[in-house]
Amino acid sequence: VEEPAGTMSVVTVNLRAVTSWVGITRLFAVVLSCVAFSLVASTEDFGNTYGTWCMFTWCFCFTVTLLVLVLELLELYPKLPLSWDDFTSAFSMLAALMVFTASVVFPSIFISSPCSGSKCARQAVATTVSCLCFLAYALEVGLTRAKPGDISSFLSTVPGLLKVFEAYVACLIFSLLDIYGLEASLQWCVAVYSICFIITLLIIIFTIGRCLSYMSCPLEKMLVGYNALALVMYITATILWPFRKFTGRVRPSNCGRGCSWDKDLGVTFLTIFNLIAYLVDLIYSTRMVFIRAR
């Protein structure tokens, strides 16, 4: 039935958006992220790259979480051309990873020892609040994670959450890549990071945009095949990168902040983290396909 001309559609208010456990967790995340960037703004510790990243993290998470709350409170999200459950699951996982990184980077860069004065106190409180914000987003990930056997929202399953983790770790690797020269082995490692990141990011985007359903090929089996290929590629990078970077090298005595040796070591550990992530992803994806086949 068409509405008469001149009538206004009634906006429905869904109070469960802020009274459910997930809603309360999001409210805490909004408040905590707001407090974190407000305290850091008062100390003016956001002039360099690290400070800018931390401020962006808190502001970005605050803005998107508040937007999610408003859209769910007014029940406007069904009008959006995307899978809402996949989007909120992916964002909560991304926010947890970003805030965790900021909670580690900020105190290690800006809090000096010995620490005294009101500025140091605000920095310490901002760090504590950021850690609590990370716990809020981690709790949201746990509350919205799909139950075993439920694949209606792919990005809320363990393989889906791992996709977000893999893409984020790859971004951290890119931020640490310094000099890899013209050596074929190191160029291969960078190619591994890039190819896997692009494909994983496309999977996330297509899932949120509901584009994967239009593919005629067996998607679940393709994801298992991709995870196996990515695992093999990361195994080669896990071997080649430290071998080429650290063979015959020791840490320089004057290796300060931003030292290339430390960056190479960070890339090594992050490569191992993503290797483990792709291994777990492959195991869970295989189990999901096997269960569905039964």
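Glycine is treated like the rest: Cβ placed from N, Cα and C.
In TrEMBL, annotation is done automatically, which means it is predicted and not curated.
Taken from TrEMBL, the feature domain 'MARVEL' covers 17-149, 154-290. The annotation transmembrane segment is assigned in TrEMBL to 20-41, 53-71, 91-112, 124-144, 164-181, 188-208, 223-243, 264-284.
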Remote residues contacting the transmembrane segment (124-144) - C-beta distance under 8 A, at least 6 residues beyond either end: 21-22, 25-26, 28-29, 32-33, 35-36, 39-40, 43, 54, 58, 61, 85, 88-89, 92-93, 95-96, 99-100, 102-103, 106-107, 111, 115, 156, 161
Model confidence over the domain 'MARVEL' (154-290), averaged pLDDT: 88
Helix, strand and coil totals (DSSP H, G, I; E, B; other) for the domain 'MARVEL' (17-149): 109 helix, 0 strand, 24 coil
DSSP residue counts for the domain 'MARVEL' (154-290), split into helix, strand and coil: 109 helix, 0 strand, 28 coil
